[in-house]
């Protein structure tokens, strides 16, 4: 089937907001419930004030746009990131700070694409995937993103549970902390009933707590500022071996989260923007990008606090050294560290313990409060991600309570099972597995967001230019390659032939689906020679060109 001629037009919906309609000359647009614009999860939209005195830049407008970027930045501060930070400091000292800086900048550029998609189309990434991809790949894509959310959620909830365990001096077991986290997450999630700005302010409060708590640790340890700046701005890693390389790869995987692309593209819909007005759309893109820069700068500083504390205090420390120090303090956790000369290995739990051993009980409890704020905030944003993804991919029209219960149940059930059967002191192996799981899901966010933001029929005048297409393509390839290397390292370390065979079989299916998404992405990037007439590829689609927004049901060739 030859590619159809694409046309687009702007219309006003019932609320007076502009809606982009894109359709094909081969099949006219159809009006049905499935083509109605999805509603934002939030009940209200924040109005943007006029400021004619400051046409180029207005702090009033920036304040009105402030919120979505800070909620997005919480994924850069979740317990998985904090654990990656402290391990980076303990394993490589200050030497990998430049990797953290680079990963944050790359994350910012990718978040920019996700935000632009939501602003320009009025649809978030899951909704666009729902309308663009055929049924089978759409369902596979949804399942993969759900796996990423579950993996992230397990780290976040267990991180909160570990913090509660530390604060209660072991009085609350891990499973008890998980139940407490689940309960208070339900309570906090309904804060937006009192106003979206109050909800955003609450997230800002949690970020402030993290900054104060981890900043206190930074001030207590007093890291070497010269080494810090050298590690941040000189891309080197002197005398680094496989452990440091694996940690560098882990930093990239921890910082760039797949479900965060879906979250950010949805959160920007909470502002009143007339998408039929090109000037307003351009202005919204500008202010959302500025806000994202500020939010990720703050998250980067907090991450630097954590890396620097462990780089200064615990780099090249051995288990025996830490055991001896802990044995002479009131903190009865010396047994966590065997009497050998192996390099100290830390996680969130052991990190709090060693801080308490070296800098007093206050350091331990302040660390736990910071982890609790990180876990609680990221659990809430993870819940929003799950709801946006499920509503977008499946076009659910359920009541709000039903959506919360379903998305929470899917993510929390495996977490609770782990908490019941796993000891709080031996969670490092599970975290490594979850990091691998989320690394595998990264292509299922990066490839679609690059694909759709490069399509002029979808983005109109705001489609990626040639420079962004090339840079975006290179970034996506680099990030996916880095994460695949991390996965290979993890699998080869298992050392069992049966697991190798299983991993190989899964890899064939996995790579085939990534290749399918990449194929459509390359067509969107302008390599039209890859497009063909009628091509059945693994039974996924009847033709390679992307399906048009609001018109996916009208295609007679595709088998749904």
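Placement of Cβ uses the backbone N, Cα and C atoms for every residue, glycine included.
TrEMBL tags one of the stretches 45-66, 67-88, 89-110, 111-132 as transmembrane segment, and that stretch is 89-110. Between the listed ranges 179-197, 198-216, 217-235, 236-254, TrEMBL ties the annotation transmembrane segment to 198-216.
Your range for transmembrane segment, going by TrEMBL and the list 313-335, 497-519, is 497-519. The stretches the transmembrane segment (288-311) and the transmembrane segment (198-216) are in mutual contact, each linked to the other by at least three Cβ pairs under 8 Å (pairs 6 or more apart in sequence). Between the transmembrane segment (89-110) and the listed ranges 198-216, 433-455, 467-491, 497-519, the one holding the most Cβ pairs under 8 Å is 467-491. Away from its own ends, the transmembrane segment (433-455) comes close to residues 80, 84, 110, 113-114, 116-117, 121, 125, 128-129, 132, 141, 144-145, 147-148, 151-152, 154-155, 250, 253-254, 256-262, 265, 463-464, 468-469, 472-473, 476, 479-480, 483-484, 486-487, 490-491, 510, 514, 517-518, 520-521, 524-526, 546 of its chain (Cβ-Cβ under 8 Å, at least six residues beyond either end).
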